[in-house]
Amino acid sequence: MMHRNQTVVTEFFFTGLTSSFHLQIVLFLTFLCVYLATLLGNLGMIILIHLDTRLHIPMYFFLSHLSFVDACSSSVISPKMLSDMFVDKKVISFLGCAIQLCLFSQFVVTECFLLASMAYDRYVAICKPLLYTLIMSQRVCVQLVIGPYSIGFVSTMVHIISAFVLPYCGPNLINHFFCDLLPVLSLACANTQMKKRLLFIVAGILGVFSGIIILVSYVYIAITILKISSADGRRKAFSTCSSHLTAVSILYGTLFFIYVRPSSSFSLDINKVVSLFYTTVIPMLNPFIYSLRNKEVKDALIRTFEKQFCYSFQDKIL
């Protein structure tokens, strides 16, 4: 039980990225450009998929939701991080911290399972091409999108309830630039070993489960590709998966580094650097990975620009 003379924490302060003013300017300009590129790339991808009817297939339906999740997850972190760059007191309310943690956790878990849904879609497309339209019906696609959002919501509630039912009565300086779960738990006025163990177990189960779906899908995909007689056929089949594999490798590598490591190797400072990568850089990279390495997206982009140019040219003539 808490003593009456203990102070209940109503707000938290961030240590931020650096205390050097000159470095803050460089970081501010860098991550402002990264955030703008993230919004432009992901929202542009959503609009492109919506406008081009040739992209109205399951693969790009999932990609549009991935772009939405990336834009949202970046917007949960980046605006606050950028606004805190040049203020002495980087403060956030207790409720604001809970909301930021809730939203970011939701989008991260959702992205992991969206990538699993996309892996299953690639498996059906390559391994069962004749049954693709039958298996990947509109109903199934909607279910494969609702599922990740639902899993993200449930897992987020587990983490939020675990973290914010604890008493916070002493230190309120978070060694981070946003409200991440482990740094927040380290400030609780209670033994958090069980909570951290729960985080490790839940993160491990979610990561392993979604990872197994992706791994099994690609094992079957690899077996099918190896059975293709022509080298050109194998290359085309692999090219449809290369963008997805790149996105999966980058995201899962950073998440496992932070959340599924033994506690003996845990370091808040190292996590801060890695978190900076997966909260700001990865959401920016995904649309470029899928567009630069995907002929259909590049062709759709060219068609959209040509169509808009023709419309504007006709308006000028008329």
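Note that Cβ sites are derived from N, Cα and C of the backbone, with glycine treated the same way.
Annotated features, as they stand in Swiss-Prot:
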DISULFID  C97-C189  disulfide bond
CARBOHYD  N5  N-linked glycosylation site
TOPO_DOM  1-28  topological domain 'Extracellular'
TOPO_DOM  50-56  topological domain 'Cytoplasmic'
TOPO_DOM  78-93  topological domain 'Extracellular'
TOPO_DOM  115-144  topological domain 'Cytoplasmic'
TOPO_DOM  166-198  topological domain 'Extracellular'
TOPO_DOM  220-239  topological domain 'Cytoplasmic'
TOPO_DOM  261-271  topological domain 'Extracellular'
TOPO_DOM  293-318  topological domain 'Cytoplasmic'
TRANSMEM  29-49  transmembrane segment
TRANSMEM  57-77  transmembrane segment
TRANSMEM  94-114  transmembrane segment
TRANSMEM  145-165  transmembrane segment
TRANSMEM  199-219  transmembrane segment
TRANSMEM  240-260  transmembrane segment
TRANSMEM  272-292  transmembrane segment
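Tertiary proximity for the topological domain 'Extracellular' (78-93) is limited to same-chain residues at least six positions away from its ends with a CB under 8 Å from its CB atoms, namely 10-17, 24, 27-28, 31-32, 34-35, 38, 100, 177-179, 279-280. Taking a C-beta cut-off of under 8 angstroms and a sequence separation of 6 or more, C97 (disulfide bond) has the following same-chain neighbours: F12, I174, C179, V184. In terms of DSSP secondary structure, the topological domain 'Cytoplasmic' (115-144) contains 27 helix, 0 strand, 3 coil. Per DSSP, the topological domain 'Cytoplasmic' (50-56) is made up of 5 helix, 0 strand, 2 coil. Summarised as a single figure, the pLDDT of the topological domain 'Extracellular' (1-28) averages 77. When the stretches 29-49, 57-77, 94-114, 199-219 are ranked by Cβ pairs under 8 Å to the transmembrane segment (145-165), first place goes to 94-114. The stretches the transmembrane segment (240-260) and the transmembrane segment (57-77) are not in mutual contact, being linked by fewer than three Cβ pairs under 8 Å (pairs 6 or more apart in sequence).
The DSSP breakdown of the topological domain 'Extracellular' (166-198) into helical (H, G, I), extended (E, B) and coil residues amounts to 11 helix, 2 strand, 20 coil.
Tertiary proximity for the topological domain 'Cytoplasmic' (220-239) is limited to same-chain residues at least six positions away from its ends with a CB under 8 Å from its CB atoms, namely 122-123, 126-127, 293, 295. Of all the Cβ atoms in the protein chains shown, 15 others lie within 10 Å of the Cβ of C189 (disulfide bond).
Residue counts for the topological domain 'Extracellular' (78-93) under DSSP, helix first, then strand, then coil, are 6 helix, 3 strand, 7 coil. Residues 58-59, 61-63, 66, 210-211, 213-214, 217-218, 220-221, 224-225, 237, 240-241, 244, 247-248, 251 of the same chain sit 6 or more residues outside the topological domain 'Cytoplasmic' (115-144) yet have a Cβ under 8 Å from a Cβ within it.
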